[in-house]
Amino acid sequence: MTPLALTMGEPAGIGFEIAGAAWSTLREGTTPFFLIGDISGIRGVPVEEITAPEQAAAAFAEALPILHRPLPTQVTPGHPSQAHAPAIIASIEEAVMLAKAGRAGAVVTNPIQKASLYAAGFRHPGHTEFLGEIAGTGVPAVMMLASPMLRVVPITVHEPLAQAIARLTPELIITHARIAHAALIRDFGIARPRLAIAGLNPHAGEAGTLGREEIDIVAPAVAALRAEGIDARGPMPPDTMFTAKARPGYDAAICLYHDQALIPIKALDMDGGVNVTLGLSIVRTSPDHGTALDIAGTGRADASSLIAAIRLAAEIAQRRNA
Ligand SMILES: NC(=O)C1=CN([C@@H]2O[C@H](COP(=O)(O)OP(=O)(O)OC[C@H]3O[C@@H](n4cnc5c(N)ncnc54)[C@H](O)[C@@H]3O)[C@@H](O)[C@H]2O)C=CC1
Ligand SMILES: NCC(=O)COP(=O)(O)O
C-alpha cells in the first residue's frame, strides 16, 4: 500500500523514540511508513535516508525510512527549543502535501509541544485546527479519540472550560454529530451509527433543577438529529454513560468539552487510544498522548498508541480506497 507519512513532532519529546519502536514492531507487516524529520534523532534502530516516499516500501523491512529534514540546533531531550518550531510545522505541512498528492496514504502525527509552538508564533490551538485549514473540506475539522473500547468526540477542545460551556449551542452539537456520523460510516464501516450525546450537568440537569443546558441546548440538538434520520440519543448523564454496561449501546459519544471526552478514553485505554481528525480531505491519526517531556530520552516511552495510530490510519486509508 502507499506508505504513510509520520511527522517529527516535538523533537525534545518522545516522538523519535516511539517512531523507532513502532518501526521495530511493524516492520514485517503490510503498512510501511516513513518519518519526515532529522535522521540523527533516531537511535537504536537502523535508518535509511530516502529522497522520495516511493522509496519507503522497499526500504521498510530493513530500516526506518526517513525523509531527512535537518534541525538547525541540537536537541536536548525534555527541553523544547523555539528554534525547532519551523521544522516541526514544516514536517506537518510536507506530510499533508504528500497525502494530498496521493504520495502518502495517510498522515500520522507525532505529538507537538503546544505551548512551545505558540511561543514561536503558531496560531492554531493544535494539529486538528491547523489541518482543518490546510486539508479542510469546508466543514470543521473534528477531533475523535477512538479505541476498541470507546469512541469519543469532544465538540469543544482547547479552550478554557468556562468559555467552552458559554459557546455551546444546538447547532455546534448538530454539526459535530453529523461529521462524526458520516465518518463512522465512511471510515469505520458502521452502517447505522448510534450516537450518545452527553449532558453537561450532574444527572443531566435533573429536569432543569441542576442546570438548563440539557433542556435548552442538548435536547433540541438530539431532536434535530433524530428528525434527519440520525440515531442520536441523550442527553445522557455523563457519570454513567461510560460504564461497561452503557458503552455497547452506542458507537460514539458526543461530548461537550475536552475532559468529558478524554478522561474516560485515557482511563480505559491510554495504550490503544488514537486521535483521528474527521472532516479532512486526507486521513490523519495520532497517538492519544502528548510529548511526555518528563520521560524523553529515558527509554521508558511506550509506543503502543503510536502503533495503534499507524494501524488505524492504514485501515481507514484502505477502507476509503476500497
Ligand atoms: N497530538 C498532540 O500533538 C498532542 C500534544 N499534547 C501536548 O503534549 C504536551 C504535554 O502534555 P501532557 O498533558 O503532559 O500529556 P502527556 O501525554 O505528554 O504526558 C502525561 C503523562 O503520561 C506519560 N506518557 C505520555 N505518553 C506516554 C508514553 N507513550 N509512554 C509512557 N508514558 C507516557 C508522561 O510521561 C506523563 O507522565 C502539551 O504541550 C500538550 O499540548 C498532548 C496531547 C496530544
Ligand atoms: N488533548 C488532545 C490533543 O491535544 C490533540 O490535539 P491535536 O494536536 O491533535 O489537535
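Using N, Cα and C of the backbone, Cβ positions are placed for all residues, glycine too.
Unlike curated entries, TrEMBL annotations are predicted automatically.
Copied over from TrEMBL:
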- HIS127, THR128, LYS266, ASN275, ARG284: substrate binding site (BINDING)
- HIS158, HIS203, HIS258: divalent metal cation binding site (BINDING)
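What TrEMBL annotates, mapped onto the structure for a quick look.
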residue: HIS127; record: substrate binding site; Cβ contacts under 8 Å, 6 or more apart: ILE92, THR109, ILE112, THR277, ARG284, SER286
residue: THR128; record: substrate binding site; Cβ contacts under 8 Å, 6 or more apart: ALA141, VAL142, MET143, VAL157, THR277
residue: HIS158; record: divalent metal cation binding site; Cβ contacts under 8 Å, 6 or more apart: LYS114, PRO125, GLY126, HIS258
residue: HIS203; record: divalent metal cation binding site; Cβ contacts under 8 Å, 6 or more apart: LEU210, PRO237, ASP239
residue: LYS266; record: substrate binding site; Cβ contacts under 8 Å, 6 or more apart: GLY273, ASP288
residue: ASN275; record: substrate binding site; Cβ contacts under 8 Å, 6 or more apart: MET143, MET144, LEU145, THR285, SER286, PRO287, ASP288, ALA309
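With every protein chain in view, the residue among the binding-site residues HIS258, ARG284 whose Cβ has the most Cβ partners within 10 Å turns out to be ARG284. Classification of HIS258 (divalent metal cation binding site) by DSSP places it within a helix. Not one of the binding-site residues HIS203, LYS266, ARG284 has a CB under 6 Å from ligand 2.
Classification of HIS158 (divalent metal cation binding site) by DSSP places it in coil, neither helical nor stranded.
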